Ligand SMILES: Cc1cc2nc3c(=O)[nH]c(=O)nc-3n(C[C@H](O)[C@H](O)[C@H](O)COP(=O)(O)O)c2cc1C
């Protein structure tokens, strides 16, 4: 796979953290990039700038020290509002503007937005042209394969996007009507890749190095967007990168490293959101990290009752201490037997 270029930016590898509202905040983006993602995309920001003053919106916007290239995703259904939002984000430091036409949420800022736009190709065109005309930085687009299974117009939208000057296209292998059900399909993505000459990224259900290889082979795309599989497993990027490059698996990170990463993540969340909000947001991340570990579920319900930052860190340390102890006990029993 050759390196992907988006405007002046050459990505370090072709694995991108998919935008996820409520998940891909600055602490998580920074961690994923450190652990191997070639690019990370912000949580979507509404194009309705009257909403931008809330604390939540301020935290979602671009920040000093964000991983580069700083790609900011905007969502909305009005071309002029989208253009203005793109401009304001570039003034605030965005280096790439990503347009959300992939999110199935019914309404963003009281208008059809996200993947709902796919139904109206004229409006798609109008929005893309307005945004591209408003900024000097590269504009990318994220779509689904179509409106519903009877109207898989992803291919048309891809051609419209290329024509308008979109510089890279990410395609989630589900229609809007599928929401998150069923399995992502990659045939439509392969057809889109064949039909356009801008970089195309495949997205949906890429959960392992083998699946990444299979999707790349099946579609011929230029890169992959990985979303949910990175939750609680930000090292998935280096695992996939290594496997694609060498055909070999990296060893899974040991308890010590997972503990270190999780504590670093907790500290970053506490610092970024402040104690009260940081403690709340940390709960879901800790749940994801520990979901598959023995005792993880029970730990989670105790952890969710904690409301102090230092108690969260101390309890995570204790959890890992117990994990190590139970491993040692098992080893001793193995030796004795
Ligand atoms: C919690 C959550 C939030 C999401 N938020 C966004 C978003 O803000 N913008 C967007 O384009 N897609 C959003 N998505 C969709 C993901 O970017 C991605 O397309 C989808 O999860 C499929 O990829 P995956 O199977 O690798 O998770 C979100 C998905 C999840 C699970």
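Using N, Cα and C of the backbone, Cβ positions are placed for all residues, glycine too.
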Same-site FMN binder from 172, 265, 270, given that TrEMBL records 19, 20, 21, 73, 142, 203, 204, 205, 227, 228: 172
Per DSSP, three-state class assigned to residue 142 (FMN binding site): strand
Spatial neighbours of residue 19 (FMN binding site) that are distant in sequence (at least 6 apart) but have CB under 8 A: 41, 42, 43, 44, 73, 98, 100, 142, 227
Sparsest-packed of the listed binding-site residues (142, 228) - C-beta count within 10 angstroms: 228
Number of other Cβ atoms within 10 Å of the Cβ of residue 103 (active site, proton donor) across all protein chains: 22
Count of other CB atoms lying within 10 Å of the CB belonging to residue 205 (FMN binding site): 21
Other CB atoms, at most 10 A from the CB of residue 203 (FMN binding site): 26
